[in-house]
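The annotation transmembrane segment is assigned in TrEMBL to 16-34, 54-75, 95-114, 135-154, 188-211, 240-260, 280-305. Positions annotated as domain 'G-protein coupled receptors family 1 profile' by TrEMBL: 29-302.
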Amino acid sequence: MTLIINPVLIRDICLLLLYTFTSFLALIGNGVVFRISFLRKRSSHLPSSTTSILLLNLAFADGLSGLAIPLQFIFCSTHFLYKVPFSSHLCVLSKSTQILAYNASTLTMCIIAYDRYRLIQNPLRQYSRRNTRQPILFTWFISALFASSCLISMKVHTYFLSKQKLISCQILFPVKIQDISSGLIRKIRVFCLVVLFYIIPLVTISILCCLTMRTIARRTVIGVQQFPAFKQTRTRSIRLLIIMVLVFALSHLPVHFLHIRDFFVPSLSKYHTQKNRCNASTIYLVCYWLGISSCCHNPIIYSWFNRRFRTVALNCFRSIAFCGRQ
């Protein structure tokens, strides 16, 4: 009896494991961010700083992104789509929630980069927590505005199609209006997504981080004995900024590149030769995973550079591994 190996099935199983692990890291890691913030506030009895509030907003957006991954396994499964009333609406809603959270996370990173630059430039100036309300509300408003446009003609991944293929894709609620096609709407949406939520944020974060690093590098310290500790802290801060920019740029670049190629250079892609086809190739699915994995990157970076965060994160993972018994 010969064993028949289905490469598509193996690919889909590996991708589902990656998606699940990413969701797990996002929920636990960003939950640790909330835990540390609450512990710090309880121990210090001081009001939260603007940076802490922005980091909590970032953690909430990333945690929501991680939660949307398993929700799509349910609402966008083939059985759910064909057996449950209004299932397509729930699938599109879960996908739109993920888009909302990722865009809010990206814009929040821009605000955090500006907040760090502002604090480095004027460390003695007092900043009110009320100053963060309007930027946070603006972030979620812009993200919700874009996500609402995704409620029509949305490409979604569908799961558990058959025993031989676990991941596929389809277009839900395609537009059937004269002179306005689903492809045109998705092309405009992709262009806005790449420009508003990748290129502009990447340029903004890069410029602000360069200005922040220049300010940190030029800063001097009084006292010879304090210089080694100051130099170590300065080096760690610069490395943190560089890594955050590189991780953001590299994690989202491949999937945005494929979107641009598929919609604006269709001759290079075979997925636009037929009506309502969508890209579900291995390359795209891997790049898509790399993009959604950004929801768990920040806690990993924090644990790398922050000893206290690393300690609390390890304790949380031990509690989960041993079911609360230490």
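Think of each number as a place in line: the chain as shown, counted from 1.
Note: Cβ is positioned from N, Cα and C throughout, glycine not excepted.
Simply put, out of 16-34, 95-114, 280-305, 95-114 has the most Cβ pairs sitting under 8 Å from the transmembrane segment (188-211).
Sequence-distant contacts of the transmembrane segment (54-75), counting only residues of its own chain at least 6 positions beyond either end whose CB sits under 8 Å from a CB of the stretch, comprise 16, 19-20, 22-27, 29-31, 33-34, 37, 48, 87, 90-91, 93-95, 97-98, 100-102, 104-105, 108-109, 111-112, 115, 132, 136, 139, 156-157, 159, 292, 294-296, 298-299. Per-residue confidence over the domain 'G-protein coupled receptors family 1 profile' (29-302) averages 82 (mean pLDDT, predicted model).
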